[in-house]
Amino acid sequence: MATVTSAAVAIPSFTGLKAGASSSSRVSTGASAKVAAAPVARLTVKASLKDVGAVVAATAVSAMLASNAMALEVLLGGDDGSLAFIPGNFSVSAGEKITFKNNAGFPHNVVFDEDEIPAGVDASKISMSEEDLLNAAGETYSVTLSEKGTYTFYCAPHQGAGMVGKVTVN
C-alpha cells in the first residue's frame, strides 16, 4: 500500500505590483516561503548495493528451493528441425513432473510403450492418445511418474524416424 502526504506550503504575498509599471518599480515580498515536509531518507551507494545484494541472495535461495518442485522440460523436436526428444535419455525422482513441450511446431505426441514400462503401470493413464497431437510450438503435455523404473516413450507420428526416448525414475 502506498501513502501520499502533502507538505504545508506558505505562498508569499506580492504587493505593489502594477501593470505597466516602470522598470524602476520594486516588487515587495512581505512573507517568505516555508515548507514543512517529512524527512527524506538518504540512501548511499553502499546501502543501495547492500540492499540489492540481499535481494539477489533471497532470489537465489528461493530458486534453489523451488527447483526441487519444478518440472523437467523435454523438448519435442530440435531447434534444427530434428525429430527427437531433447534430452532423449534422462532421470527424474519419483513424483517429479515432466513437461513435454513442442519446440518446432511439427505435430508431436508422447506415448509410453506399454511393453517397456514398470510392471503394474497403466500406459494409457500416463500417455497421450495416439490420435492427440501437440500441433503448435509451445504446446505442452505434462506427466508425473511415481513408480520407480525405466520407461520408454515415443512420438507416434515420428517413431519410425527414431523419435524415441527413455526416462529412469529413481
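Just so it is clear, glycine is given a Cβ too, placed from its N, Cα and C backbone atoms.
Record features, source Swiss-Prot:
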type    : residues                       : note
BINDING : HIS108, CYS155, HIS158, MET163 : Cu cation binding site
DOMAIN  : 72-170                         : domain 'Plastocyanin-like'
TRANSIT : 1-71                           : transit peptide
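Known features from Swiss-Prot, placed on the structure.
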residue: HIS108; record: Cu cation binding site; DSSP (3 states): strand
residue: CYS155; record: Cu cation binding site; DSSP (3 states): coil
residue: MET163; record: Cu cation binding site; DSSP (3 states): coil
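In this view, the densest Cβ surroundings among the binding-site residues CYS155, MET163 belong to CYS155, judged by other Cβ atoms lying within 10 Å. Note: the Cu cation site is recorded as HIS108, CYS155, HIS158, MET163; in the same chain, LEU76, GLY77, LEU83, PHE85, PHE106, ASN109, TYR154, ALA156, PRO157, GLN159, ALA161 also have Cβ atoms within 8 Å of that site's Cβ centroid. Taking the Cβ of HIS158 (Cu cation binding site) as reference, residues of its chain lying under 8 Å away and at least six apart in sequence are, in sequence order, LEU83, PHE106, HIS108. The average per-residue pLDDT of the prediction over the domain 'Plastocyanin-like' (72-170) is 97, rounded to a whole number.
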